[in-house]
Amino acid sequence: MRLAEPFRVAVVWAALALLAYGLAALLPAYWVFLAMSAVISGVLLQSLGVVAGQAGMVSLCQMAFAAIGAWTTAQLNVWGVPGGLWLWTPLAGLAAVPLGLLIGLPALRLRGVHLAIVTLGFAATVDVVLAATSFPGVNQGLAVGRPAGLAADRQYFLFCVGVFALVAVMLGRVRRSRLGAAWRALRESERATAAAGTGVPGAKLSAFAVSAFIAGLSGALLAGQLAMVVSRNFDPGQSLVAYAVAVFAGAQYAEGALIGGALGVAVAEVLRRLGIPQQWANVVFAAGAIQALTQGSGMSESLRTVLRRAWGSRTSEALRRVWGPRTSEAVRRAWGPRMSEALRPRPSRRTASAPGPAAPNPPNLPGTGPEALIVRGVCVRYGRVVAVDGVDLTVPAGAVAGLVGPNGAGKSSLVDAITGFTAARGSVAVNGEPVDRLPAHRRARAGLRRTFQQDRVPAGLSVREYLRFVARRPLTDADLGEVLGGLAAAGPGDPIAELDVGTRRLLEVAGAVLAGPAVAVLDEPAAGLGHAETELLGAWLRSVPRRLGVAVLLIEHDLDLVRAACEQVTVLDFGRVIAAGPPAEVFADPRVLRAYLGEEVAA
Ligand SMILES: Nc1ncnc2c1ncn2[C@@H]1O[C@H](COP(=O)(O)OP(=O)(O)OP(=O)(O)O)[C@@H](O)[C@H]1O
């Protein structure tokens with residue numbers, strides 16, 4: 001499989017190179033010009049594929065970045081800088097980066113329609129400035145010259161294809177990197193991204209910077225194609241259309257960007273031949289974008305899903321073994337042996353020096369090291385509502401501790417306060433180090449991981465990509481065996497979008513634990529799970545400190561799970577601790593019985 005994948009990729013690229021060469025050689029000159037326009041649009045759409053497709057931010061100023069690229073190219077041409085378009089093109093991309101970072105700054109606080117307005121305003125401003133000042137060389141009638149080797153349109157078309165391919169390869173590599181995973185996680189949830197230890201501002205700014213670079217490249221290519229550009233070529237309205245096409249075609253994938261570029265040119269050409277005003281093309285793209293948004297996927301994603309399913313249904317049992325198990329039964333068969341190996345008692349990383357041999361299924365050992373988590377006097381207020389009122393809490397290293405309380409008791413507010421997701425008073429220390437002044441992502445890196453009540457697992461990642469992203473380290477088969485098959489029935493290559501909610505919840509728990517923090521704070525991990533899954537989770541959680549050296553703070557409504565997994569419990573009511581200690585004692589406490597109105601705990 002390791003050899004097959006690069007081989008497949010090489011074959012696809014060789015076929016595309018052959019196709020591009022064939023088109024350049026065989027198409028009539030006019031069609032070569034149109035194909036060139038399609039590829040240049042494709043490069044622009046790739047830039048949108050980063051910021052909007054992957055990172056999920058609305059950007060309506062891509063033509064402004066392209067204009068900066070074209071302006072830079074025209075200026076380098078006027079100055080006669082050696083290297084020609086070979087050098088000017090990357091320089092044009094770089095020139096757009098500072099503006100990308102600048103426009104990324106509002107994105108740190110704004111989302112959705114507000115970000116759309118800001119980016120469109122930026123595009124309009126750039127347009128006004130360019131219209132007032134005109135592009136370098138235009139007044140002197142100085143055209144952007146193409147260097148030898150690119151002079152003919154057929155050659156220049158191949159150059160554009162080369163730039164498109166380079167961008168596609170670069171983005172493919174980024175996609176497989178931590179940065180790419182961060183962008184796709186960002187699209188799903190900023191809070192979950194921060195909880196995985198990734199700084200949201202850095203992820204957003206990097207997406208805008210990379211996107212501006214690519215859009216700048218497309219501007220340079222356009223300058224080389226048209227020889228003389230004017231502000232009208234970068235009309236802000238075109239940024240809107242480009243956004244619609246990117247959504248419609250699914251520009252986060254190279255093939256989507258190419259399809260979008262080709263569609264843009266083809267629809268315009270058909271309308272021109274039919275004598276229909278060009279504005280109708282915008283209606284077509286807007287309708288396509290609405291369809292893609294309603295359906296939840298663009299053309300490239302739909303295409304990939306269809307191909308994956310077709311491939312999956314046609315594969316023989318042997319191929320299934322090679323390409324990875326798909327069904328939960330197959331997953332259990334494949335990962336079961338590794339799981340039993342992983343479940344075998346072994347010295348934990350944090351308690352490796354603990355004396356004495358490990359007995360089979362020994363009880364958890366609270367107090368075997370420094371306290372993993374110490375919370376003192378934490379208060380959370382929402383206006384006049386005091387949600388958490390001076391809570392003290394300790395999770396010993398090597399322990400699974402529970403935090404329970406009736407609805408509205410303040411559990412989630414306390415979790416948010418401890419993990420840095422809401423403003424709070426009080427102190428929080430992890431492994432003896434204070435973390436209460438750190439932002440959420442730095443608390444995560446300091447050893448304080450959390451999960452969420454709502455499903456926030458990024459649908460755009462595969463199981464392996466997600467676990468690697470959250471764990472912040474390369475994962476071995478043994479690491480995956482810890483969680484797949486034994487806890488979450490999924491294969492490493494399964495797209496998260498195709499998993500049920502219960503499996504996603506378990507994966508989120510698995511990711512938080514695989515990160516190897518001092519303490520993993522799990523916010524209602526059993527919500528939505530079946531009885532069998534909940535039992536499995538309880539047994540798994542109970543063994544986590546011993547096997548992985550991770551202490552657990554479990555927030556749960558399912559008191560059976562708390563009894564099964566925890567050796568100490570804290571009960572909150574109206575934002576205050578009303579009882580703490582071993583589950584049997586705590587659940588017999590009259591104050592706790594009163595808080596819960598008796599029934600379940602009395603049973
Ligand atoms: N953003 C908010 N603004 C105002 N009040 C809030 C906010 N979030 C929570 N509260 C209030 O704070 C109190 C504690 O809520 P919180 O969600 O922390 O409780 P909980 O124990 O987690 O409840 P549940 O078990 O239902 O999730 C409740 O009275 C709730 O209405």
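Cβ coordinates come from backbone N, Cα and C, glycine included.
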Looking at 13-36, 85-108, I want to know which stretch TrEMBL calls transmembrane segment. 85-108
The transmembrane segment (85-108) versus listed stretches 115-135, 155-174, 207-228, 240-268: most Cβ pairs under 8 Å: 207-228
Near the transmembrane segment (207-228) in space but 6 or more residues beyond its ends, with Cβ under 8 Å, are 33, 36-37, 40-41, 43-44, 46-48, 50-51, 54-55, 57, 59, 62-63, 65-74, 77, 85, 88-90, 92-97, 99-101, 103-104, 107, 135, 137-138, 141, 143-146, 150, 156, 159-160, 163, 167, 174, 183, 186, 234
Long-range environment of the transmembrane segment (240-268) - Cβ separation under 8 angstroms, sequence gap at least 6: 34-35, 37-46, 48-50, 52-54, 58-60, 62-63, 120, 164, 167-168, 171-172, 278, 281-282, 284-286, 288-289, 291-293, 297-304
When you scan the chain for residues with a C-beta under 8 Å from the transmembrane segment (115-135), skipping those not six or more beyond its ends, what do you find? 57-61, 63-64, 67-68, 70-71, 74, 103, 106-107, 228-231, 234-236, 239-240
The average per-residue pLDDT within the domain 'ABC transporter' (373-599) comes out at 90
